[in-house]
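Listed features, source Swiss-Prot:
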SIGNAL    1-35  signal peptide
BINDING   Phe37, Cys57, Cys60, His61  heme binding site
TRANSMEM  286-306  transmembrane segment
Amino acid sequence: MKLNSLINLIQKSIYSCTLLLIILNIICVAPNSSNAFPIYAQQAYESPREATGRIVCANCHLAQKPVEIEAPQAVLPNTVFETVVKIPYDSNAKQILGNGSKGGLNVGAVVILPEGFKLAPVNRLSTELKEKTRNLYIQPYSAKQDNILVIGPISGDKNREIVFPILSPDPAKDKKAHFFKYPIYVGGNRGRGQIYPTGDKSNNNIVSALSSGKINKIELLDKGGFIIHVTNSSNVESTQKISPGLELRVKEGDTIQLDQALNSDPNVGGFGQNETEIVLQSPNRIKGMIVFFFASVLAQIFFVLKKKQFEKVQAAEMNF
């Protein structure tokens, strides 16, 4: 009896531990899955920008769309400033989701800063900047590249303009930083991609015919989607499955050719990249420019006064 009780106790303990692990897995892992898209690039590429200047997000998001960037022309050392990435798209647009249903578009962005520039810590943010970046999870591309920032996917309804709080370097403390003009590169996408990192196509694509022939039947599936039955010139029938949510461009009785599009393009999103320049300005240079400006103004005033004095002297001599 004691042995049976001990066995039952062990079984209950194993069951409890297993259940606890499952719950922890759901709590810890599931939220990260929604942020998996930038991780695709982080895991596959050491740098998000290729030698050609192309940002790697374009490998999965094939359609080209605009993206805008706003940043100050110049900043002082050890200063927090904001860079705004704008990802415009039609507010009425709906994308096809993985299960074939329609939903709102998600957005994501990557900002490639000069070395030394990085995400500003929370304790350096102003109240206004904290409000602008609330509920935004911006992270470095990698532990070694804190000058490259990524975010997404996040809902595009309220995030078509994403504010990145940036901290500029101080050349007095960072010997790698210099007072210079630097480029800033940015990439932004809206909607799902067409290619997974594995190379497989998503359902956000045009489906091409796998064979030529006549469509003799289009079968509607219970869970959505279609099976197209095609008979070729040799009277051999083949079938092709179309994922749920796609809109067919063909009908029964149509004759199709190899690689012909069978559905309308479901993609309403796309990726774009842009760039701007920023100057890390020396405070001493600004002070020098201010001194030079006031010196120039004083010199002009002095010149005008001397000219008027000279004219008075000339006028007095002419009166004699």
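Here the Cβ of each residue, glycine as well, is placed from N, Cα and C on the backbone.
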Q. Just going by other Cβ atoms within 10 Å, which of the binding-site residues Cys57, Cys60 has the emptiest spot?
A. Cys60
Q. Once near-sequence residues are set aside, which residues in the chain of His61 (heme binding site), 6 or more away, have Cβ atoms under 8 Å from its Cβ?
A. Asn189, Gly191, Gly193, Gln194, Gly269, Gly270, Phe271
